[in-house]
Amino acid sequence: MFNDMPVFDYEDIQLIPNKCIINSRSEADTSVRLGNYTFKLPVIPANMQTIIDETIAEQLARDGYFYIMHRFDEEGRKPFIQRMHEQQLIASISVGVKDYEYDFVSSLKEDAPEFITIDIAHGHADSVIKMIKHIKAELPETFVIAGNVGTPEAVRELENAGADATKVGIGPGKVCITKVKTGFGTGGWQLAAVRWCAKAARKPIIADGGIRTHGDIAKSIRFGATMVMIGSLFAGHIESPGKMVEIDGQSFKEYYGSASEYQKGEHKNVEGKKILLPTKGHLADTLTEMKQDLQSSISYAGGRDLESLRRVNYVIVKNSIWNGDSI
């Protein structure tokens, strides 16, 4: 039990404003650097089948946003890399840790992707460390993201193995039920876990899960994240791959977790669930709104770029964000 560590989540934190130094919020720079590339926003749509597909990945890359393609179309990954490179776009894919993934990684030497994410639920594992070392040996120029983890020890071990960034978050997402099924996780204290892990990190941290509002992006950065992976806020768009369902004349999109039986195709070791989200507008509009809100956050922080968010003070007031209201 960690009695000496502050425990809080996104809804418990309010950031304290500083004097604004820009004339217009549009002057605020929301760009972020990851590896050798600069992206428009520090956000990543979750690498889940109901969030991203090849069409969305291509559009995000073309428009200057970072993405991670999911790993559930295994045979399609190599052709995907080739198509992205033919269009002079970055290729960012996911892999697991099963034996056949080693041969797959080795097969990419002639056309290596710029980014590979090792994507398993419990990333503090010998199998992940072994895969990191294999990727770095076979594809030394590829930026490796490893996860998911929830402790400083895990971050240090994965970094020492060669990971270029670590993904922090065990079960805080809206369609993840890890904490219910296993008793383990960062659900309910995800932001504190990000802070805890970031203090130990020498390389970028990606906060993954638990994001419910655009303001949570700024809070993630304040507590040490370089990038923020988001599921539910990116689900349910017109372009989203999730199946469309109509109920009483209203349209919904399916959104399910990567460890759900809908993803796995069987009821075994299930740690995810499926929900229906009212269909939103276009993904591009959500990205624009996220950028505008983050620019406002930077203006409140008294700065010109994301770095200013890391220096603001904050208060912990449990469950205070809505103050009895909702949006």
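The backbone N, Cα and C atoms fix where each Cβ goes, glycine too.
Summarising the annotation, Swiss-Prot assigns active site, thioimidate intermediate to Cys176 and lists sequence analysis as the type of evidence. Residues or ranges marked as NADP(+) binding site in Swiss-Prot (evidence: sequence analysis): 205-228.
Considering only the binding-site residues Ser220, Thr226, the Cβ with the fewest other Cβ atoms within 10 Å is that of Thr226. You'll find the Cα of Phe223 (NADP(+) binding site) roughly 23 Å from the Cα of the residue listed as 'active site, thioimidate intermediate'. The separation of Ser220 (NADP(+) binding site) from Cys176 (active site, thioimidate intermediate), Cα to Cα, is 19 Å.
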